[in-house]
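Residues or ranges marked as transmembrane segment in TrEMBL: B:33-50, B:79-98, B:110-128, B:135-155, B:175-194, B:206-229, B:262-280, B:287-310.
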There are 2 protein chains.
Amino acid sequence: MRLLIAVYVLSIISISPLPLLPPPTTSPLYNYFILYISPALAYIIATWGIDNLEEKLVKRGLFGLDIGKRGTKREKYKVPEALGVVTGISHVVVLSLTTYLCRTSTPPTLPVLLSSLTSILFMLFLGFTDDVLEWGWTAKLVLPTVSSIPLVAVYDGSTSVVAPRFLHSLFWTPPHQSLTSLSTFLANLGMTVYPGSRVGLIDVSWVYGVYMSLLSIFTSNCINIYAGINGLEVGQSVVISCCILLHNAHEISAGVSSTQQHWFSVMVLLPFLTGSLALLRKNWYPASCFVGDTYCYSAGVVFAVVGIHGHFSKTLLLFFIPQVLNFLLSLPQLLKVVPCPRHRLPRYNKSTGLMEPSEYALPGGGKGTNLTLINAWLKVGGPKGEERLTFELLVLQVAMSAVGMCIRYKGIGRGLIFEDEEL
Amino acid sequence: MRLLIAVYVLSIISISPLPLLPPPTTSPLYNYFILYISPALAYIIATWGIDNLEEKLVKRGLFGLDIGKRGTKREKYKVPEALGVVTGISHVVVLSLTTYLCRTSTPPTLPVLLSSLTSILFMLFLGFTDDVLEWGWTAKLVLPTVSSIPLVAVYDGSTSVVAPRFLHSLFWTPPHQSLTSLSTFLANLGMTVYPGSRVGLIDVSWVYGVYMSLLSIFTSNCINIYAGINGLEVGQSVVISCCILLHNAHEISAGVSSTQQHWFSVMVLLPFLTGSLALLRKNWYPASCFVGDTYCYSAGVVFAVVGIHGHFSKTLLLFFIPQVLNFLLSLPQLLKVVPCPRHRLPRYNKSTGLMEPSEYALPGGGKGTNLTLINAWLKVGGPKGEERLTFELLVLQVAMSAVGMCIRYKGIGRGLIFEDEEL
């Protein structure tokens, strides 16, 4: 409980700079709505919805048993599942109200907001039908791709990237930076390598669209596979949201040219964050509700949306370092190179009351630890209680984001591939 | 079966004029996509999805027993429910692909299409969660209202109406058509009564927005309460779609100024129609699937979307005469003035094999016929088989639309409230 309060306090601290920034528009109503009304409304709707829906979900067969509580008296408690549907509804309701405010805005954010709403609704719908119907892998890959099409169609930012310095010789011939034959070939595919570019600018055109689609698929699924212990799905989303909001606040206060895009990100993320905090209260250890694929998918697509329309889609990945590590670690099991049991979450040890790494059985006998970041953390740090485990992984998320930000701001990443985001 | 084929043939006849019209754009790819690829794709996805999902739905507890088959051997057959989710997905997938084609269109249809997609997805999500969780009446009224906000925010057509002649004296004082005090009062509410207007033009401003929201709520719910026998929900949607498409074709060929808006309506309706035809094949008597609230809500909002963004939102209601009649007839039971049993669909008479009007029990003893158009039709026309009953009601739908079109085009409605739609 004290750890939960710590998460709440840190979230509030990380959004507190927002009201101090130069406001997004000259309309006080609009500014007030974005900063106060919309997050408050999302929190209220989510809290009210969760209380009302819990019983209904259990009655309709949407519940799960908490595998991490095997051997305790909570073992047989029917935990309502797919509560992410409530935060999802609270988020889209608030964003729908926002569209009305945005209808006459300059520069026009309405198409951008509508395409975001479309993608979020699509994934929310996909997530909920997945909780009920359990889609196959095809649907899980095809539908997010389709849902990202409106995002890509509306994207109006730069499609240029800065090539890393060690690759420059592939595209430009010194000393006058004239183009190589590879560059001419790329031109035939619709891309533009700028002759004489000193930073190494390449307009990758439609490839950027493909990248944005893939980003959307990755963020939707990566939260779903870095999950399984109480509070981790929502907790990591809260941490990522706070980090992105801090990044937005930093960029706005630095007066970058894409200030409007960063405010757009704030507009979408704030109500999502408060809705998630409402859900975290119930999903924190010991969880009285599960969030379901509904939450994981819709959270993932929210991050993709703000990254793409906030024009920081490459920086975005720096907030997903634990998710990327977990994905890479999981690959052998996801690709079935190594046996993959249905559940890979850590095992509760009844005698000690602590969580321990779980194992898979090899066909020829013998065992191996399941390849997830959670199990790896337990292997390194030793068994620990479920609440503490979640909290430590959230601290890891914060630490990794700090490392990411160092890459982004402190020279290592500068001059590599991030320069163009200020174009 | 022969009756189903008749519905298919009539549908194909009613869309056949579309390729003969002056094409919507100068891009052959775009025109070809709208007229051929998108409807074909929707049909294929829907057919494939229905076949794959049927078993899954039954396994997950989403099935119903066909009350209209009581006493037959089909009585205990578990009919998969909520198959509307498949046509819904096929529709939104096709529309998502369309957004990519529209991204550079002039005049910009992208925001209009995105707001439509948002509303359709919202209602699809609401419908499916309703099938699974059974929302209360509050949610059924509040959520469609919220889902209509993006539509209203993007609406760029006229908000003026022509006042019926017998009301003119309320707003204008003869002989010089100067304004009355009521008109001055309306001006304070943000509306504009045009002084000296001979046709009687009033700009109702935000009231038109409210009307559009209410229209969206009405169309979403009216199909849901005019239902209960095999094939009626999908059948009426097919008939209404065909009538609207004929209306669009007529307006485009007449060269009205809102040609672009009518093509937009065609773009949204064609894939919906073909998806629905795919579903009708399985939902026709004897039904091997039910469509669920998912279908009824999403169909309703599709009609609201094309009516609003096609700029014929008042004409639209002329295609809903049976639904309006059924709604008015149902009011005493919906408002609980008269007892309302859970199901009001007609009763199957085992001995004759025909459908008969169903009845409700009065608290003090005695009975009354349930107040629906289906029961009224059986009262007037005598008992009949379920398939024939559906077909007759569809013919009624066609006949009533014809009457509506006479009102619209043949002088009765001209000069009343429809004139402004060509403004």
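Yeah, the Cβs are placed from backbone N, Cα and C, and that goes for glycine too.
Whatever TrEMBL says is automated annotation, not expert-curated.
What you are looking at is a predicted structure, and each value in this text was computed from that prediction instead of being measured.
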Original post:
So which of B:33-50, B:110-128, B:135-155, B:175-194, B:262-280 has the most C-beta pairs under 8 Å when paired with the transmembrane segment (B:79-98)?
Top reply: B:33-50
Original post:
Relative to the transmembrane segment (B:287-310), which of B:110-128, B:175-194, B:262-280 accounts for the most Cβ pairs at distances under 8 Å?
Top reply: B:110-128
Original post:
Among the recorded stretches B:110-128, B:175-194, B:206-229, which has the greatest number of Cβ pairs closer than 8 Å to the transmembrane segment (B:262-280)?
Top reply: B:110-128
Original post:
List, by number or range, the same-chain residues at least 6 past the transmembrane segment (B:206-229) whose CB is under 8 A from its CB atoms?
Top reply: 67-68, 119, 123, 140-141, 144-145, 147-149, 151-152, 155, 159, 161, 190-191, 236-237, 285, 293, 296-297, 299-301, 303-304, 307-308, 313, 316-317, 320, 322-324, 326-327, 330, 334, 343-346, 355, 372-374, 386, 389-390
